[in-house]
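Remarks on the structure that follows.
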Amino acid sequence: MIKGKRSFPKRQNNVRVLNSSRVEEFDISDHNQSIDSINELSAYEVLSLRKKTEDGIKSNLNEERVASSLTSRAEDNKPCRDFVKSDRNVLASDFLSKYGEETDEMNKTKKKQKKIMKKEIRKRTKRKRKSVNKRELSGSIKTWIPTHSGSSVFSSLFRNCDDSKEMXDSIVDCLSEGEEIEEIKIVNLSDSSHGSSFESDEINEDKNMVDEEENDEELIDERSTNSAVRENFVRCYGKEKDEDASDVVIDFEQKPFSTHCDSVQNGLDAIQWLIDPYDLTQFFKMVFQKKVFLVCHNNPNYYGNLFSTAKFIDILQTDYVEYGTNVNVAIYKNQQRSTLNGSGKVYPQAIQKSIKAGCSIQLTNPQSFCDNVWYYCDLLQEVFGCFVGANIYITPANTAGFAPHWDDIDAFLLQLEGRKHWKIYAPDSDDEMLPRLPSGNFTDNDVINRMLVFDDWLEQGDMLYIPRGYIHQGFADKDVHSLHLTVSVCRNVTYADLLERVIPPALSNFAEQNVNIRKSLPARYLDMTGVLECDYPLLKTGTMKLHRFLDSIFSNFCKYIKELSEPAVDMMAREFMRTALPPVLTKEEKDMTALCVAGSSLYGDKEHIFTKNTSIKLLRRHGQRLIYESEERCFIVHRMANSRVYEGRPEVLFDLDVELAEGFANLVNAYPRWCLVSDLKCNDAADNIRLAELLYSNGLLMAEFREAMK
């Protein structure tokens, strides 16, 4: 075995391929992936050119098509074990000899037609690339209804089509006779790039055209193998926008997602905005933790003022940012990643020198310094129920800062500046899927035999989702730097983490309640069995008794564990409250919490007084959790006073009298609606007010005081 090379078991691919053959018909640059997608012909131009080409040779092919049609009908009633047919009735050339001269003639005719069309398309591609208007390239691509489906469209489907009906009619015209017409949908199972070059090369394009003419059968075989790639990758495009609306830039300082009274709904809106126009329900059902997912928003300003290089410089100038703790400086050369951190405070000029030397910069916790990133991470915490962190990566032009690796988190990559080329590889086996720990650094030899599911550019304004366990590596463009924000979710919130928290205490309690499990092991148990294969004196009789006893214990213990699902979730919730970011409050929310000042002056004598008619509401749905320590004691743990640095402060909690627990439950049930203090329905009115005051003083509650409103 070559030193440094890692061996991995091959993955058994049993995931359904979603109509991958539909992608291939209009693919005109399989061997020339270095051509930027913005220089491709639009779908409308391809379809129009195809139609004209077909019309020019249709009369010459009429007799051959009639004969082939009769032949195909006669063959329909025969078994076709080896007969391969694509969605558009293109026959695979490897099997033609089995089906007579008529079928062979038909395929040759179609090949001639296809070659003529490719030549015309390539000539037109060159003309378009020379005359392309850069101003038009910044425009948004027009889209259609967001529906997850197996139907496929290639990258420039609706670029220059101003009339959606015209485009739909063009697609219908190109469908074969008798083929079922499907609704146009948004999902594109993208083709994976084959080349490693990121620059356009017109000379290679001409060479590829000749190669394709000579090796057309090889193209078909290559595409059939690529179909397995598409099961792990989904791509969709941004919605069509009016010219006036396209100039609107999101402003995170205005808390744009804090529009609902329910904090979970606000979080869902934030995720929907990130993956727009893809459907949120379909994302969690079909994509999340299953596939790499790319959204081309086609809007360089899509992320507004979320973060920028200017903001990073401002952080370095105004905050105490330290090497190792907040910033890492790394360089990747000769398949090795080296960390070149300094010591102490990070200064802008030092970062400037590092970037000039080809080093990448990682800001490990931008949410601690940038309110906009903090705000967005907090929104997602309400949905995922875990700490949501972020990283900023600045990569100089023509460099790669980090080695190939996988993460122990699900990552949303937001390309804020420049562009970056990503290569992503699927896990080789189920053992590598959804890992709980990050990997080490891989080399090119480690990934050479892995399934490449994504090999493409992430443009400014785009979003790329990478599930846990997918090896990935990024390269900046040769002419421009890259700055992207990685939002990390779902770290340490697996079922395994839940069981790790519940099984040890559950086993202890189970032993206290079950006398049989407290019995000593039988005499001479050492002679019953062991891992070493040898003649144990009591192997037959002793092992049988031991297994029978353990089977009974395990069966009862599993039943006991199932009854602990409720406290197990509470334990996970407690961990979330301990590690999560504190909530970001709007001005209106601050004015209705303990953060506001009663009256107009800190030195005034006004005081907020709770009455039975005071309107109250929890500040967040998942800002707090009531935990029962025993039947006689409970407490509330919350994240309202947490640090913006991960685990920067100890856990914050306070005791709650058990008799007030029902009132707290009524308050939780009322969310997201407002309710009166009297609606808490504790034992008496005094307990209602006592509970409201306790929650309010700890920052969990919003209240509307009539005197203050007046």
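Placed from the backbone N, Cα and C atoms, the Cβ positions cover glycine too.
These numbers come from a predicted model, not from an experiment.
As recorded in Swiss-Prot, the features of this protein are as follows:
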- H405, D407, H472: Fe cation binding site (BINDING)
- 109-132: compositional bias 'Basic residues' (COMPBIAS)
- 359-506: domain 'JmjC' (DOMAIN)
- 103-137: region 'Disordered' (REGION)
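Cβ proximity to the Fe cation site centre (mean Cβ of H405, D407, H472, cutoff 8 Å) flags the following additional same-chain residues: P404, W406, A411, P438, S439, I466, Y470, I471, Q473. Looking only at the binding-site residues H405, H472, the densest Cβ neighbourhood within 10 Å occurs at H472. Residues within less than 8 Å, Cβ to Cβ, of D407 (Fe cation binding site) and separated from it by at least 6 positions along the same chain comprise P438, I466, R468, S488. The secondary structure of D407 (Fe cation binding site), as reduced to three states from DSSP, is coil rather than helix or strand. In this structure, H472 (Fe cation binding site) is part of a beta strand by DSSP.
Assigned with DSSP, the residues of the domain 'JmjC' (359-506) fall into helix, strand and coil as follows: 36 helix, 52 strand, 60 coil.
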